[in-house]
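These come from Swiss-Prot:
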BINDING   C11, C45, C74  [4Fe-4S] cluster 1 binding site
BINDING   C144, C148, C151  [4Fe-4S] cluster 2 binding site
DOMAIN    2-110  domain 'MTTase N-terminal'
DOMAIN    130-355  domain 'Radical SAM core'
Amino acid sequence: MKKVYFKTFGCRTNLFDTQVMSENLKDFSTTLEEQEADIIIINSCTVTNGADSAVRSYAKKMARLDKEVLFTGCGVKTQGKELFEKGFLKGVFGHDNKEKINALLQEKKRFFIDDNLENKHLDTTMVSEFVGKTRAFIKIQEGCDFDCNYCIIPSVRGRARSFEERKILEQVGLLCSKGVQEVVLTGTNVGSYGKDRGSNIARLIKKLSQIAGLKRIRIGSLEPNQINDEFLELLEEDFLEKHLHIALQHSHDLMLERMNRRNRTKSDRELLETIASKNFAIGTDFIVGHPGESGSVFEKAFKNLESLPLTHIHPFIYSKRKDTPSSLMTDSVSLEDSKKRLNAIKDLIFHKNKAFRQLQLKLNTPLKALVEVQKDGEFKALDQFFNPIKIKSDKPLRASFLEIKEYEIKERENHAVF
């Protein structure tokens, strides 16, 4: 039986998609060791030029090692054809065909099967296990109806559509019966869940919270305008993580307008302050170097960031994506300036995060942590605020949910003895 190795690039949604493919392998075995594999399946990411480059380099490397390489994911539409025509890939298949992976691997001839985004495909596979077992990523929707000027993802994932609530509940219930204690709700635009089905993410979360064995629910990312009063009521519940990732993308209205974003700084501030008042950690995304971000604009944006109650951030340098409105804008920012701004933001939020952790210690807030892995005599865990903890213990703690009352604040994480 031939062995298959999955190489997954990019987001949590891709991690779930890889599990869907793995679940559908009937005549092949999987391996976690790249060198053992006869077949390499690349689940690609195309969110930035850097992501494209990493995927391309890996595909070429595997082809040179005489591996049979198949290619799927968001990169199918941006570079799948080029890599296929140059002979690096045996086969290319879009998102619609993930569940046909077993048959595709048995094809003798080379093949290229693109996505048809008009058919609004949703997978039907039930994932029976997840790597790690204590935490699982659950895809609840696919696609995005936002039209942000810089973003290529709607053109490779299609318009927003939601999985049936019944299927999601069944999927989570199955995984929890096998030891999963925490789920992370993922998708292309998670907060749009239910819009096409007369529901919303808050109602889904309430129903998920009733599943036996599920102790904590995390949410991949939300847009500011997707957080309504019904969702805010959930902030009082113990089953919801005490960390929300809210995608602002910038903190200056001029840039939000240039990006064709739906949020604005005044309402963003009001929302974040409301959430922070419930003792929540808050993360966001931030794009530096988008066309139009002059020095004075960034200076004002940085001052706004300083005053926001943020604890986590995923900042990245603007990446020019072909055929997007932003790619036609001419008032670009130098890479040197973009890197300086990126580092300034990272440093700012690093200090905000440490201050937040110190405040929790001062308030005697116990950390509720799910222990994931053991390495070098220490256990690693994530607390309710999405902060890492290193735990020293002689006990078999893996997969345990702990309440840690005594801990130390270190530079980038907390330490505890249990």
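Going from the start of the chain as shown, residues are counted 1 onward.
Every residue gets a Cβ built from N, Cα and C, even glycine.
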DSSP-assigned states of the domain 'MTTase N-terminal' (2-110) in counts, ordered helix, strand, coil: 51 helix, 23 strand, 35 coil
C11, C45, C74 excluded, remaining Cβ within 8 Å of their centroid ([4Fe-4S] cluster 1): F9, G10, T13, N14, S44, T46, V47, A51, G73, G75, I153
For C74 ([4Fe-4S] cluster 1 binding site), the number of other Cβ atoms found within 10 Å of its own Cβ: 30
Inter-residue Cα distance where the pair is C148 ([4Fe-4S] cluster 2 binding site) and C11 ([4Fe-4S] cluster 1 binding site), in Å: 18
Per-residue Cβ crowding (10 Å cut-off), top of binding-site residues C11, C45, C144, C148: C45
Residues close to [4Fe-4S] cluster 2 site centre defined by C144, C148, C151, Cβ within 8 Å: F146, D147, Y150, I152, I153, P154, N189
Separation of alpha carbons, C74 ([4Fe-4S] cluster 1 binding site) and C144 ([4Fe-4S] cluster 2 binding site) (Å): 13
Distance, C151 ([4Fe-4S] cluster 2 binding site) to C74 ([4Fe-4S] cluster 1 binding site) (CA atoms, angstrom): 13
C148 ([4Fe-4S] cluster 2 binding site) to C45 ([4Fe-4S] cluster 1 binding site) - Cα separation in whole Å: 18
Spatial separation of C45 ([4Fe-4S] cluster 1 binding site) from C151 ([4Fe-4S] cluster 2 binding site) - C-alpha basis, Å: 13
C151 ([4Fe-4S] cluster 2 binding site), number of other Cβ atoms within 10 Å: 19
